[in-house]
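Below: the structure, in structure tokens.
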């Protein structure tokens, strides 16, 4: 394939079959992402019904849990990308080898992280000003919950491998198993049996083992199991983790810092403003899940194209993903903007808090049509080998929003200054990001050429068994 082939394809209309593949692969990913978003809130609400002490402990553990979340996201994304490339090249052994070695790296790194957090738990207690009466219980809760969270790497690796081979619905089943069992465990053991806060680590452990078992069964149904799991160590997944996982984890931590920075800007305007903005920001996290899912679905197809040497499809696949994002977010933007007052009323019974939430969406709502497209593009970049470029752009983008937003808000003497800054940024950012698209296509061309050149030396399948393309599930 030549550069001109890809460039001419970039301007060609996306085929309906390609758009359907993106949407049908993206739909179960959206559901799985929403489950992951809502699960912590559901668990927190359930713990709030146990006692004030239970929700206090869970809230204190949040900064420590974010380190695990970042690591899980890094492992998940890097394995998904590597598996998609190997799947596209029909290299079954490489799919299994990548998954097995990613799991080994994840559990090894997770154990190291648990040990580090166990040792640092007293420092976190001091930093968070944990009350002396709750200190011993916090240390025990933090250490046991950290140990339990290591087990979540099992279902994460299984689900990412299933998505990588195009089985997004099967991956959703793994995520749903984890969420349902964790929630049920907190209800049954924590609330009904009276175990209290320590029911959370117990529920995480049991649900993780069960979800991993479901994932292994589903992988075996795809022919990825048995003796193939007894493979030698390989450093290749570590390289994928550095190229893809590290910038993805960096973006996750950056978003956490961005939220904190915005709250610092809103803080001087009183508790109602902070609570109203926090509610809007939480709901916005839900609204962004379709963009992440569509970007992920598009990236899976692009990475499969890379592995299969289908360079001529890159342009129309990328265009299909971006078009799907525009259509989806046009509807979301209109719904959020027109329903701003309703969202505020649902978010809080306090009139001042509800008004703050409503004002945020009244100002920012319509710009989601562009913001969704930008996030979709950044998600694609993270998963096609441009993760550090995406992270750099995100840092510049978010830093500008915080600095300008703080200045405008201070000049106006009102939180609206930050909201209008976010709205303008949502328009300017995607407009400037159009210039990045040719760079993404060039990167895909380079990876396709490199994969084709390395194909004879990679993997051990002289006669690989046929593996279903992502379109198989999508078109059923």
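Using N, Cα and C of the backbone, Cβ positions are placed for all residues, glycine too.
Between the stretches 144-162, 220-238, TrEMBL puts its transmembrane segment entry on 144-162. Residues 32, 61, 64-65, 68, 72, 75-77, 79-80, 83, 95, 98-99, 102-103, 106-107, 110-111, 113-114, 117-118, 168, 170-171, 174-175, 177-178, 198, 200-202, 204-205, 208-209, 211-212, 214-216, 218-219, 222, 224 of the same chain lie 6+ residues outside the transmembrane segment (144-162) yet bring a C-beta within less than 8 angstroms of a C-beta in it.
When the stretches 200-219, 240-263, 283-303, 388-406, 418-441 are ranked by Cβ pairs under 8 Å to the transmembrane segment (67-85), first place goes to 240-263. Beyond the transmembrane segment (25-47), the same-chain residues lying 6 or more positions past its ends with a Cβ under 8 Å from any Cβ of the stretch are 54-55, 57-59, 159, 163, 166, 168-169, 171-172, 175-176, 179, 182-183, 186-187, 190-191, 197, 200, 282, 285-286, 289-290, 292-294, 296-298, 300-301, 324, 470, 473-474.
Contact counts against the transmembrane segment (360-381), taken as Cβ pairs under 8 Å, peak for 283-303 among the stretches 200-219, 240-263, 283-303.
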